[in-house]
Amino acid sequence: MDKPLISCHLVDSDGSLAEAPSEVPKVGILGSGDFARSLATRLVGSGFSVVVGSRNPKRTAGLFPSAAQVTFQEEAVGSPEVIFVAMFREHYSTLCGLSDQLAGKILVDVSNPTEQEHIWHHESNAEYLASLFPACTVVKAFNVISAWTLQSGPRDGNRQVPICSDQPEAKRTVLELAQAMGFTPVDMGSLASAREVEAMPLRLLPGWKVPALLALGLFVFFYTYNFIRDVLQPYLQEGKNKFYQLPVSVVNTTLPCVAYVLLSLVYLPGVVAAALQLRRGTKYRRFPDWLGHWLQHRKQIGLLSFFCAALHALYSFCLPLRRSHRYELVNLAVKQVLTNKSHLWIEEEVWRMEIYLSLGVLALGTLSLLAVTSLPSIANSLNWREFSFVQSTLGFVGLVLSTVHTLTYGWTRAFEESRYKFYLPPTFTLTLLVPCVVILAKGLFLLPCFSRRLSKIRRGWEKDGAVKFTLPVDRALAQKTSHM
């Protein structure tokens, strides 16, 4: 092309329309579906002249912006150098009659296959389109962007647009076009990467599969454990029917256990990694694969912990609303009258419950702060030290608060024989195992003999390496010694 298709002054960095060039670049769209309409809206708002090719322009003209020209496909592909092919793979063959008009054009394939189609076809949609039109240059782009994101703007959705093509000049043109529309283009290489790009929208929360299974497994375990202790044991040994507790009470007892264990599992891999570095005496050896995956899933595990803790708080607020709770209060009042007790007040229980609730609120507030700062929009506004302080220091404070919260609930209950139903210990004693290990290990690593050695290792010191140095003491410079 003689002139660049895109002017760098079309839009501002935030995607808003800025000063347009004197000669408005023209872009074509083949298709009249939802994505084609959203794409036309975004292109018009970004300062482009849009011509849409449709098999029935009279019927579809009213669906597009008034600034967009809707005409037949033969007329739409005449003047634009860049043409978006916004139709499904099975309709590509209907464009074969336009081969002569499309020769030398840049075809931007925006389609996505279904999961079955992705498995059946050994070539991507873009490669198939390139095989049908060898005289054209095919570029794969915009398939990961939804129609909603195109209409509402990139600020309300994902900004990244993966782009791949075998022709560098055509790829550069589409890169500039994506930037002019307010998106962030990502160069994915040649058209052979199109299959990988088309697989991106097919992924359903790939980073959440293992954490979700972990949370589900913990929930099933603790729910079964609480069912045996709180429902099955009274029914078999005392003849009391407490199956009504399954929907609310047992769930509310299970949720904090899951949240507490998940939170401890966020900080346990850091402890394991530090122990490995101390043992190896270097930071340059790779962690085992299982530990690497564990470290990568900490964010998802932490968010699931917050989710369970928030549900626990909501369920706790609902406990007084249950009909069974009202009956229990009435029965307690009747028993108090029959025993001629006018004042029922246990000081120890009152203080325990007050402290227990206060610590629970503080722990949930800390988890809320961790969850909020994990959002990209919030995390991007923090520098590394601020982000590390919130996620590491405040997160560990949240774990300590949760531990004290659990210990306050237990109080002396762990030592009461009546609490061991079917010889099973109370649930909270099981949940304390992993968090206490994490807290004790963290405290151990704060000792000078471990903390200084760990600091040196993370600054590059190796036990049997070529470089050794000592950390600065009293503002003195570190003395580095090397040996061959």
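Cβ atoms are placed via backbone N, Cα and C, with glycine included.
Per TrEMBL, the feature domain 'Pyrroline-5-carboxylate reductase catalytic N-terminal' maps to 26-113.
For 257-400, the entry in TrEMBL reads domain 'Ferric oxidoreductase'.
According to TrEMBL, the feature transmembrane segment maps to 210-228 (among others).
Residues or ranges marked as transmembrane segment in TrEMBL: 248-276 (among others).
Marked as transmembrane segment by TrEMBL: 301-322 (among others).
Positions annotated as transmembrane segment by TrEMBL: 355-375 (among others).
Feature annotation from TrEMBL assigns transmembrane segment to 387-408 (among others).
Among the features that TrEMBL reports, transmembrane segment is placed at 428-450 (among others).
It is 248-276 that, among the stretches 210-228, 248-276, 301-322, 387-408, forms the most Cβ pairs under 8 Å with the transmembrane segment (428-450). Same-chain residues lying 6+ beyond the ends of the transmembrane segment (387-408) with a Cβ under 8 Å from its Cβ atoms: 256, 259-260, 263-264, 266-267, 302, 352, 355-356, 359-360, 362-363, 366-367, 369-370, 373-374, 379, 428, 431-432, 435-436, 438-439, 442. Look at the domain 'Ferric oxidoreductase' (257-400): DSSP puts its residues at 120 helix, 0 strand, 24 coil.
If you look at the transmembrane segment (355-375), the same-chain residues 6 or more away from its ends with a CB under 8 A from one of its CBs are 259, 263, 299, 302-303, 305-306, 309-310, 313, 382, 387, 390-391, 394-395, 397-398, 401-402, 404-405, 408-409.
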